[in-house]
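If you look up TrEMBL, you'll see E71, D144, I146, D147, D294 marked as Mg(2+) binding site.
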Amino acid sequence: MSLAFALEKRVAISAVVRACSLTSAVFQRLVKNETLTKGDKSPVTVADFSAQAVVNSILANAFPADPIVGEEDSADLRVSTAEQLRTHLTSLANDALHLPIRTGEDAAWGIGPDAPVRSTDELLSIIDRGNHVGGPSGRMWALDPIDGTKGFLRGGQYAVCLALIVDSVVQVGVMGCPNLPISSANPDGERGCIFVAVRGQGAEQRSLSDLSIRTPLIHAPVLPPLSSIALLESLEAAHSSHSFSDRLSKHLGLTASPLRMDSQAKYACLARGEGGIYFRMPVKGSGYREKIWDHASGTVLVEEAGAIVSDSRGEPLNFGLGITLGENNGIVACFKGIHQRVLDAVTKAQAEEQD
Ligand SMILES: Nc1ncnc2c1ncn2[C@@H]1O[C@H](COP(=O)(O)O)[C@@H](OP(=O)(O)O)[C@H]1O
Ligand SMILES: [Mg+2]
Ligand SMILES: [Mg+2]
Ligand SMILES: [Mg+2]
């Protein structure tokens with residue numbers, strides 16, 4: 001008897017691996033050779049669009065009835081001035097879909113060297129398969145083709161994030177992190193990890209270059225001392241209030257500096273025991289609402305690794321409200337044994353801010 005979501009897991013891994021190969025290729029060609037030193041967003045835009053086209057294409061073949069809530073849509077690509085982008089998209093997406101990574105199921109998923117070539121128009125429509133608006137019931141995929149765009153541009157962390165949500169619950173999460181060192185003990189060593197979690201079946205890290213190299217992720221039941229814990233938070237001060245996390249660290253008695261990085265790679269690091277607390281608090285007055293694709297794969301990954309995820313009041317995140325998580329009350333993910341202490345420290349820091 002096969003495990004639940006076995007096919008979904010294989011398809012998601014295949015889609016994320018191909019999308020990661022695409023994003024790495026864009027970075028090598030367009031960013032690393034310094035055609036993008038001024039921070040011009042066009043290569044990143046083409047990488048985002050193309051990665052969404054690749055993942056959606058594979059999902060459309062494997063699960064034609066499943067809706068997709070994707071971050072990108074094709075509107076900006078359809079304008080007359082975007083011809084070069086469209087041409088790039090078409091070659092990048094076709095290259096990634098034709099890669100000779102044999103899975104045995106290639107034909108059914110429309111990938112591999114013998115797959116049909118997709119036209120530009122087809123790819124634009126495929127990107128727009130990601131226009132589902134979410135909701136409380138049924139199956140849906142949440143896709144962030146490049147999470148951490150700013151990290152991607154600066155050669156830092158970014159993640160290709162794909163999750164399956166069923167009746168508001170994230171069941172499968174796959175996250176590719178091409179720039180993340182395989183081992184935190186060797187930060188200058190080989191990079192490129194993929195994280196895979198299925199609810200109730202655990203979580204694991206694999207090497208992006210060799211999927212057979214697997215490490216199960218499960219926290220030791222013994223809590224590390226708070227002196228060895230650091231907050232994992234966004235590098236972007238506009239995405240998460242750094243001043244609030246300073247207050248939180250003080251109330252928790254943390255001595256280590258926060259580990260700041262872009263993207264859901266933060267969840268991946270937490271899952272493998274780095275940092276200890278993922279913390280995200282809205283910047284006052286931003287009015288921003290968190291999107292489901294920014295947290296879906298990360299949450300199931302850390303939960304399956306033995307951590308707990310909630311908003312800053314201790315309420316569970318709700319993936320059934322549409323494209324957002326609803327009112328933004330921040331996000332706390334950490335080892336189970338310290339969750340309540342973090343929530344208490346949030347309350348104290350909030351009271352202090354109101355003084
Ligand atoms: N004002 C804001 N507050 C919180 N998150 C924001 C934000 N503006 C954008 N974001 C989201 O933050 C994500 C990156 O998170 P992080 O800062 O942890 O790397 C972005 O994902 P994309 O890069 O996919 O657009 C974007 O969705
Ligand atoms: Mg994102
Ligand atoms: Mg994105
Ligand atoms: Mg974005």
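Counting starts with 1 at the first residue shown.
Here the Cβ of each residue, glycine as well, is placed from N, Cα and C on the backbone.
Unlike curated entries, TrEMBL annotations are predicted automatically.
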For the Mg(2+) site (E71, D144, I146, D147, D294), what does the 8 A shell look like? I mean other same-chain residues with CB within 8 A of the CB centroid.
L143, P145, G148, T149, A159, C161, S263, Q264, K291, W293
Rank the binding-site residues D144, D147, D294 by the number of other Cβ atoms within 10 Å of each Cβ and report the first-ranked residue.
D144
In which DSSP state, out of helix, strand and coil, do we find E71 (Mg(2+) binding site)?
coil
Listed binding-site residues (E71, I146), ranked by Cβ neighbours within 10 Å, top entry:
I146
Look up D294 (Mg(2+) binding site) in the DSSP assignment and report helix, strand or coil.
helix
